[in-house]
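Heads up: the structure comes next, in structure tokens.
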């Protein structure tokens, strides 16, 4: 029963995370609404983590996880949208930094909480409670070892040895997260959004020269900006209801769809690899010891974090499209090598590291590239964030069922197929980018041709008016 309960909680978390990502763009209307949503969502996460150990009912726990997932999805979308809208063409670097800290937090948080978790079962609890503790332990470690933790607990753990302190782990995570809403509240104070506490210092955005430079450039009159200005960033549903979408070319919609499909595939690989690399490692023909295989997921997440850190300076030197091409090709080659050397233990660790490095920066690069194509006026951010979350959720279920029926060798094979599909969708995105650019060029030429006769007609009229006034 415990695996069913854990699946229910994870499903509620993932599903509401997807909903939060979809509706997060609603709060982008003004900076005040965006910061308010960030503050409330970050505070909710701390509160939820504080009350999770107090939940005695599975349904209540599932609801708590769902609310936290909704808050996480809103934060994810708003953070990406705000960076894109503020820094625009320079947003690639800041997006890489944002996602580095996301990976860094996911890597460090389990290490902080781990000392407070017990290796043995709970003396005064039932076997199901012991299994629940081990499931939470594996979740906090980002390592899919729940099944074997359960088996080990029955064979080695004896009742009464040590009482688990798993509730301290959640309280520590709640405390670690508290500076986030405090920092957002301070930012609202500096931006003079708190009426009862007016700030005498200048607003932070007014002092940000890079942001001001981008916004001054964005205020210049532009044909394509005027076409999409009414749409703006928003949630997926408001984007679909936008009346201005009727006059847009097919390339506009295909850029959203193909960009979303690329992230659906690549983030699906990330979730699948992290979720099943342990199962692949302990299965035939590699047959790693359980403890050794448990390091694979940690190495993968560490490589993702390192790759995002490395991508920050690379974003200064290279355009997002070049980084995307390199990373997608590298991911395909790595998974292909995993298929070829499927019996090699050493290359499994090397391939895990390389796979994490290549997949690490695809999401921020795709976000910056797609928004740059659409001149930062579309709904790309909400679409991409939602597609990435959906891919991570769907691909794990799909690949997991295939591994269960076809065997462990289908794990790298599925990764190869998904990576190739992602690359094909990316090539399609490049083609539609070219079509969209030609459309915008043709539109600007038509506008220029319309303006020229008007200028020529106004010229003789001004000459006649000057002659009549002089006579």
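Positions of Cβ are set from backbone N, Cα and C atoms, glycine also.
The annotation region 'Disordered' is assigned in TrEMBL to 448-471. The transmembrane segment feature in TrEMBL is assigned to 6-27, 34-52, 58-81, 93-113, 168-189, 250-273, 293-311, 323-342, 348-369, 381-403, 409-432.
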Top Cβ-contact partner of the transmembrane segment (293-311) among 6-27, 93-113, 381-403 (pairs under 8 Å): 93-113
Candidate ranges 6-27, 93-113, 168-189, 381-403, 409-432 - greatest C-beta contact count to the transmembrane segment (34-52) (under 8 angstroms): 168-189
Interface present between the transmembrane segment (381-403) and the transmembrane segment (6-27) (three or more C-beta pairs under 8 A): yes
Residue numbers, six or more beyond the limits of the transmembrane segment (250-273), whose CB comes under 8 Å of its CB atoms: 300, 304, 328, 331, 352, 355, 359, 362-363, 366, 369-370, 373-374, 378-380, 383-384, 386-396, 399-400, 411, 414-415, 418-419, 421-422, 425-426, 428-429, 432-433, 435-436, 439
Long-range environment of the transmembrane segment (409-432) - Cβ separation under 8 angstroms, sequence gap at least 6: 251, 254-255, 258-259, 261-262, 265-266, 268-269, 272-273, 276-277, 279-280, 321, 324-325, 328-329, 331-332, 335-336, 338-339, 342, 370, 395, 398-399, 402-403
Highest-contact recorded stretch vs the transmembrane segment (381-403), from 58-81, 93-113, 168-189, 323-342, 348-369, CB pairs under 8 Å: 58-81
Tertiary contacts of the transmembrane segment (323-342) (same chain, 6+ residues out, Cβ under 8 Å): 262, 266, 269, 285-286, 311, 314-315, 348, 351, 354-355, 357-362, 365-366, 369, 409, 412-413, 415-416, 419-420, 422-423, 426
